[in-house]
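Residues annotated as Mn(2+) 2 binding site in Swiss-Prot, with sequence analysis given as evidence: ASP13, SER63, ASP438, HIS439. Here Swiss-Prot flags SER63 as active site, phosphoserine intermediate. Sequence annotations record features per position, and here Swiss-Prot assigns substrate binding site to HIS122, ARG152, ASP153, ARG184, ARG190, ARG256, ALA257, ASP258, ARG259, LYS330 based on sequence analysis. Annotation comment: Swiss-Prot describes ASP397, HIS401, HIS457 as Mn(2+) 1 binding site, evidence class sequence analysis.
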Amino acid sequence: MKSVTPVLLLILDGFGHRLDGDDNAIALARTPNWDRLRRDHPYGTIDASERAVGLPRGQFGNSEVGHLNIGAGRIVTQDISRIDLDLEEQRFAGNPAFTHAFAAARGHALHILGLLSDGGVHSHENHIHALIRAAQAAGVADIRVHAFLDGRDTPPRSARTYLERLDAVLAECPNARLATVCGRYFAMDRDKRWERVEQAYRLIVDGEAAFQADDGLSALAAAYARDENDEFVRATRIGAPAPMQDGDAVIFMNFRADRARELTSALTDPEFDGFSARQLRLSDYVTLTRYGADYASLSIAYPPQTIRNGFGEYLASQGLRQLRIAETEKYPHVTYFFNGGEETVYPGEDRILVPSPKVATYDLQPEMSAEEVTNRIVEAINSRQYQAIICNYANGDMVGHTGNLPAAIRAVETLDGCINRCVEAMLANGGEVLITADHGNCEQMDDPLHQQPHTQHTTNLVPLCYVGHRPARILEGGALKDIAPTLLALMGLPAPDDMTGHSLVELL
């Protein structure tokens, strides 16, 4: 085994760089440790959004994109950009997975599922609109749209705009109609809260719902009257019941996998046991991108790109040991996404999953499981088993998404103590620390344009702080792609040729 300097990477999810603002949870929180680290150690900012991470211009980053870029050590062109290019160059409608589903739906219904917004994190309404038009042009006679409302990557009450734009598309396509509406809280869970997913499932599959409406806008107005923001709109059937039948085809239009898996499992897995689910014999089920190894039998419209010699794979090739650790909400990001969208656990790679608290929303427990994550990190550091430890702290993002400023402040203050414990343990054991974020969120908690809480990500730069025993400075102009090469340089290892990023810590 090579003798290297051990490193710890702390990824503070949703922790952007913004100096001022009376809605800035980071600036308002009491953070003596973070303040000291920024003051006494090399500190800078790096880019985590738009083209710097393979996204379209103007698109904020997210956890999946962030961890892909961090782990790859290069800009990874994101699925949204690949799909947008196909739309621009008029290849989208001819995608073989789509045309196969259109043919499979003849004599039956085609169900189009997806998050209806322009948030660009899990989906984009433009892709849904284009698919409806393509299905209509292909002669699909019965097209049913199941719209999941956002309010998390978009303002909390912004769905009217998206439903109006969908209505305009449906008016062009007489074979298509809106069949159901519900909030993403139910349809897009990722923490095995099956009681939520079941409500979306019963709505889509059985046409069962506590509420009915004649159209999407009426459904939304009724939900707002019940004081439900977009994310939490309860299952609502639009028009006559339209249950899913054997022989129907399904296309799930979310390009981000993590929040599409549970509903997909309920719809397709014959051994699904989260709740009582009907065994449907669908003619086709298309996922927009690959949702994981457990869904290998499903059709994929945009198969994954292959990323070789990312940070994890490269360390394994050098015979080094690494640890990935996060709580439930961000565990896939430090494992699957950090490894380039691969399920592979590399030789010498250990993983620790700390359960997230079972609360309805994380403003009810803004500390989340950060203390236990920290306990496990300190234990791992003191064991001296690992040459690299990769950790994600979820608090800034998950509490930031609630729009609750006091709770976000508590989340940041929790992180401040956790960061300090990790840094002290690492320095005591001869290691070095990089602290960064995958994207912004909790540094902006108010949306003055829409005059409501800001619950989505930001395009702000994110911090990069080096804490070690060597004098150094942070180079300017970096991005998330530079994190892996920086870690390798600190360890004393050359970066593989596949990595196009460069080290941002210049040792003096």
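Using the three backbone atoms N, Cα and C, a Cβ is placed for every residue, glycine included.
Taking the features listed in Swiss-Prot, we show where each one sits on the structure.
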residue : record                 : DSSP (3 states)
SER63   : Mn(2+) 2 binding site  : helix
HIS122  : substrate binding site : coil
ASP153  : substrate binding site : coil
ARG190  : substrate binding site : coil
ALA257  : substrate binding site : coil
HIS401  : Mn(2+) 1 binding site  : coil
ASP438  : Mn(2+) 2 binding site  : coil
HIS457  : Mn(2+) 1 binding site  : coil
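The Cβ of ASP13 (Mn(2+) 2 binding site) has SER63, LYS330, HIS333, ASN392, TYR393, ALA394, ASN395, GLY396, ASP397, MET398, ALA437, ASP438, HIS439, ASN441 as same-chain neighbours under 8 Å, each 6 or more residues away in sequence. Residues ILE11, GLY14, ALA48, GLY61, ASN62, GLY66, HIS67, LYS330, HIS333, ASN392, ASP397, ALA437, ASN441, HIS457 surround the recorded Mn(2+) 2 site, their Cβ atoms falling within 8 Å of the Cβ centroid of ASP13, SER63, ASP438, HIS439, which are themselves excluded. A sphere of 10 angstroms centred on the C-beta of HIS457 (Mn(2+) 1 binding site) encloses 31 other C-beta atoms. Within 8 A of the CB centroid of the Mn(2+) 1 site residues ASP397, HIS401, HIS457, the other residues of that chain are ASP13, GLY14, ASN62, SER63, ARG152, ASP153, GLY396, MET398, GLY400, HIS439, ASN441, CYS442, THR455, GLN456. In the structure shown, across all protein chains, ASP438 is the one of the binding-site residues ASP153, ASP397, ASP438 with the greatest number of other Cβ atoms within 10 Å. Of all the binding-site residues in the list HIS122, ASP153, ARG190, ALA257, ARG259, the shortest Cα-Cα distance to HIS457 (Mn(2+) 1 binding site) is found for ASP153.
Taking Cα separation as the measure, HIS401 (Mn(2+) 1 binding site) is nearest to ASP153 of the binding-site residues HIS122, ASP153, ALA257, ARG259.
In the structure as shown, the Cβ atom of HIS401 (Mn(2+) 1 binding site) sits within 10 Å of 24 other Cβ atoms. When Cβ atoms from all protein chains are considered, those within 10 Å of ARG190 (substrate binding site) total 16, not counting its own. The Cβ of HIS122 (substrate binding site) has LEU115, ASP153, ARG184, MET188, ASN254, PHE255, ARG256, ARG259, ALA260 as same-chain neighbours under 8 Å, each 6 or more residues away in sequence.
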